[in-house]
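Okay, structure first, notes after.
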Amino acid sequence: MKDKYGRTVDYIRISLTDKCNLRCIYCMPSDGNIFFEKEENLNNDEIYKIVKESAKLGIRKVRLTGGEPLVRKDINELIEKIYLIDGIEEIALTTNGMLLEERLEFLHSHGVKSLNISLDTLNEEKFKYITRGGDIHKVFRSIEKSLKLGIKIKINTVVIEDINKNEIIDLINFTKDRDISLRFIELMPIGEGKKFKGVSNGEIMKIIEDNNLETVILERNKKDGPAKYIKIKDYKGKIGFISAMSNCFCEDCNRIRITTDGMLKKCLNWKSDINLKKVIREGKEEKLLETIKNGIYNKPKMYLFNKQDSNEENRNMNEIGG
Ligand code: SAM
Ligand code: SF4
């Protein structure tokens, strides 16, 4: 369906858990995290109901994210259920890759055609530092195995001043012989992200030019979402730019989000104000469709980054579902 600004909304992103097996420095604090209790999280049945009603409103793509979606023990059952919902054409997953390798066959056989894997560095020690303890080899093995299975891979990379800016070209070269999309995502001042200085995509482009890499700008495809893509001559992969901070992409926004605790978010950085969990748990399921419909229709025109507005989201990315 369309929202009141005429944007077609066909994509739902669901945070399956706020918990994570890593602690990336710009996403979660190292300790002192207060997580939702299990019963505060939406259960599989509740998520299924939300997706089923959303599909009736024209939602066609579901992304499962978090926190780390693969730490949720019952994720396989959930995917099995979503896979069978009429209207859902695509299931995708955003993951840090720590638990991915052993799940790939299952995901592949249950409609997961594309994976977004986070990788900010190619250096083992730096990966440990950024993620506070992650094993980069698990990510590498998952990428290679996914490609063999024919699953599309997008790598999400956040570049931070003084941490991984010096690796931009190495990361780009990772796509030379691999058919993957490497997307630079600008650091957003959300939660822990406020403590770091991100590198803008304009600066990254300048670094690419300074290194004399021959680039071609690719035509925008609606399926690319907020990413703009280029190709480097003779490279198999693509390079994408998601420029939330330097180039607002709200005009083409096609998505809603569901937080771990069941709030419908109309926009990434607006506070959540529609409690779908309450609607379901109070036994008012007949109102679920209408509630989601209102949420979609009333999506705000644009985000509130740096606007000092009281509606601005102050949760960390792991709760919202990045
Ligand atoms: N745990 C999974 C992962 O890391 O891919 C899924 C959830 S994580 C919140 C999703 C994405 O959000 C990751 O690619 C991460 O780099 C990104 N992210 C986290 N905090 C961010 C921030 N403040 N600004 C921009 N991206 C952020
Ligand atoms: Fe966990 Fe993903 Fe956040 Fe890293 S970015 S702490 S992997 S949720």
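Glycine too: its Cβ is placed from the backbone N, Cα and C atoms.
Together with ARG13, ARG63, LYS154, ARG255, ILE256, ARG257, the GTP site in TrEMBL holds one more listed residue from THR94, THR95, THR131, which is THR94.
Record check, TrEMBL: S-adenosyl-L-methionine site residues include TYR26, GLY67, SER118, and the candidate from MET188, MET205 also listed there is MET188. Other Cβ atoms within 10 Å of the Cβ of CYS253 ([4Fe-4S] cluster 2 binding site), summed over all protein chains shown, number 24.
Checking Cα-Cα distances from GLY67 (S-adenosyl-L-methionine binding site) against the binding-site residues (ARG13, CYS20, ARG255, ILE256, ARG257, CYS267) with a 10 Å cut-off leaves CYS20, in sequence order. Candidate binding-site residues: CYS20, CYS27, ARG63, CYS250, ARG257, CYS267. Those with a Cβ under 6 Å from ligand 2, in sequence order, are CYS20, CYS27. Closest by Cα distance to CYS24 ([4Fe-4S] cluster 1 binding site), from the binding-site residues ARG63, SER118, LYS154, ILE256, ARG257, is SER118.
Reported as a whole number, the C-alpha separation between ARG13 (GTP binding site) and TYR26 (S-adenosyl-L-methionine binding site) equals 21 Å.
The domain 'Radical SAM core' (4-233) scores a mean pLDDT of 95 in the predicted structure.
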